[in-house]
Amino acid sequence: MTTMVARRDERTQAPVPPTKGGAKDRWVRRAPLLPALIFALVVTQVPFLYTLYLSTLSWNALRPGDKPFVGLDNYITVFNDSRLRSALFNTVLLTAGAVLFSIILGLLLALLLDRKFIGRSVVRTMLITPFLIMPVAAALLWKHAIFNPAYGLINGIFGGQTDWISSYPKAAVIATLVWQWTPFMMLILLAGLQSQSNEVIEAARVDGANAWQIFRRMTLPHLRQYLELGALLGSIYLVNTFDAIFTITQGGPGTATTNLPYEIYLTTFRKFEYGEASAAGVVVVILTIIVATFALRVISSLFRMEDNR
Amino acid sequence: MRARLHNTIWGTVAWIAGIIFVFPVIWMVLTSFKQEQAAASNPPSWTFTPTLDQYAQIFDRNITPYLLNSLMASIFSTLLVILLATPAAYALSLRPVAKWTDTLFFFISTKMMPAVAALLPVYLLAKHLGMLDNIWTMVILYTSMNLPLAVWMMRSFLLEVPREVLEAGEVDGAGLITSIRKIIMPIVSPGLAATALICFIFAWNEFFLAVNLTATAAGTAPIFLVGFISSEGLFLARLCAAATLVSLPVLIAGWLAQNKLVRGLSMGAVK
């Protein structure tokens with residue numbers, strides 16, 4: 001990222017800066033905002049505070065009796081729990097794998113769609129379709145209709161008896177996610193490609209630059225922010241992947257595909273370790289905040305760009 | 001001439017890529033019209049006599065309440081989101097409050113909070129209030145899930161209203177209601193529709209909260225599919241029929257909103 005600007009407080013991006021009105025004017029301005037703000041505060045922050053509180057209790061819902069305060073004990077358990085560590089590792093691997101492959105494929109498809117050809121809008125509609133299939137339905141479709149060893153499409157077309165999901169659980173989950181998320185990346189990158197000025201590229205071509213040089217030296221740098229945005233938004237959504245794990249592998253075989261959301265789900269609703277699950281939830285929130293900070297920077301730098309245009 | 005040849009070649013490649021990507025969906029739709037025997041054949045059967053048996057089956061198995069629950073949760077949460085987000089976006093764009101950047105970033109940060117961290121408190125609270133397996137719980141949760149997205153998206157559409165026109169209207173004595181009706185709405189309404197469609201899509205597809213907080217009474221469409229997870233005694237054709245049916249509303253909404261999709265997904269950061 002060339003511009004490491006977290007926030008643009010100095011330069012207001014709205015067409016008109018807020019005026020210094022009296023108290024009454026300020027409240028008139030605030031009034032339309034308040035319902036949404038209060039709603040968001042109550043529905044998102046209160047549960048989180050409650051999670052913080054629960055994370056300090058030793059509370060297993062199967063064990064009757066009191067729920068003693070244990071301070072940071074649950075956090076120590078969380079950090080020492082090898083299941084959670086492996087879940088963290090799986091989360092990173094699954095997220096990174098899915099984001100990386102979907103960005104590469106999305107970039108290739110966006111480059112194709114950036115050209116003029118017959119039926120371009122039809123192809124675009126076909127390409128976004130996987131993103132619109134309900135995630136659970138998509139996961140089931142891949143699990144049964146594509147990966148199934150007996151009647152799945154892969155073995156049906158190419159032969160063989162491979163049980164894809166038990167042999168390559170992580171790859172199977174990633175393939176499903178990549179199929180669903182490539183359209184998302186493609187749309188963002190296509191928007192980036194189409195915001196590139198044609199005249200500059202034409203000028204470079206007249207000056208004798210070949211297609212690869214134009215791509216390397218002009219298109220890629222221009223796309224950089226869009227690639228970052230796609231990667232970060234994709235990560236934010238994919239880090240929470242639950243549907244695909246729950247449906248395709250149930251976290252298995254063993255714990256091969258158990259990611260953090262699935263592990264916390266198991267801790268909460270299978271082991272009923274409420275305190276521990278809460279502590280793990282808090283840790284996930286903190287990790288997300290770290291990733292999100294980067295995302296916000298990218299988004300605000302895009303605002304900057306839009307402003308300077 | 002050479003350029004045209006290039007475009008033909010790359011156009012063909014694009015068509016092939018498009019067909020490969022959409023193929024699983026086509027396969028799903030095709031399979032949904034097969035008999036179970038044809039669906040589970042190896043090698044895959046390409047010719048078959050289409051039947052609606054599988055669709056009849058899933059309606060026999062009572063998919064309707066699930067669809068209605070999804071419809072309710074999605075429509076009511078989308079309405080609520082739009083009602084909350086549009087005035088908020090107005091107060092963050094056209095007549096901004098003093099700390100509008102902080103507020104915007106607060107909204108987006110709630111979107112980034114993983115649902116898994118809020119699940120337990122929400123579950124306990126809903127249980128305490130006797131609101132587990134209640135569709136209104138889902139309406140509230142989906143509203144909060146989509147609110148940041150809608151605020152950011154609506155804001156990006158509202159910023160397209162030219163200030164000069166708005167100011168000229170004010171000078172001519174147009175009140176707030178008049179300027180909303182005559183100036184803002186005509187410009188913003190396509191954006192409003194796209195925002196609503198995208199909120200609808202996310203609410204319709206939501207699974208994590210639904211699977212943990214609903215059961216038989218308020219189960220949404222994705223919950224109906226949970227019964228198909230096990231491979232034991234699987235009915236592939238029936239699964240494909242159910243998957244096609246539950247995906248259909250979103251497919252239509254997404255195709256309708258496709259030009260604005262990228263803007264919604266990027267929170268309005270990419271036009």
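Placed from the backbone N, Cα and C atoms, the Cβ positions cover glycine too.
Taken from TrEMBL as is:
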DOMAIN    B:67-257  domain 'ABC transmembrane type-1'
TRANSMEM  B:12-30  transmembrane segment
TRANSMEM  B:71-92  transmembrane segment
TRANSMEM  B:104-123  transmembrane segment
TRANSMEM  B:135-154  transmembrane segment
TRANSMEM  B:183-204  transmembrane segment
TRANSMEM  B:210-229  transmembrane segment
TRANSMEM  B:236-257  transmembrane segment
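Same-chain neighbours of the transmembrane segment (B:236-257): 28-29, 31-36, 38-40, 54-55, 57-58, 63, 67, 70-71, 193-194, 197-198, 200-201, 204-205, 221-222, 224-225, 228, 264, counting only residues six or more beyond its ends whose CB sits under 8 Å from a CB of the stretch.
In this chain, the transmembrane segment (B:210-229) touches the transmembrane segment (B:135-154); three or more CB pairs sit within less than 8 A of each other, excluding pairs fewer than 6 residues apart.
Outside the transmembrane segment (B:12-30), and at least 6 residues removed from its termini, the chain residues within Cβ reach (under 8 Å) are 240, 243-244.
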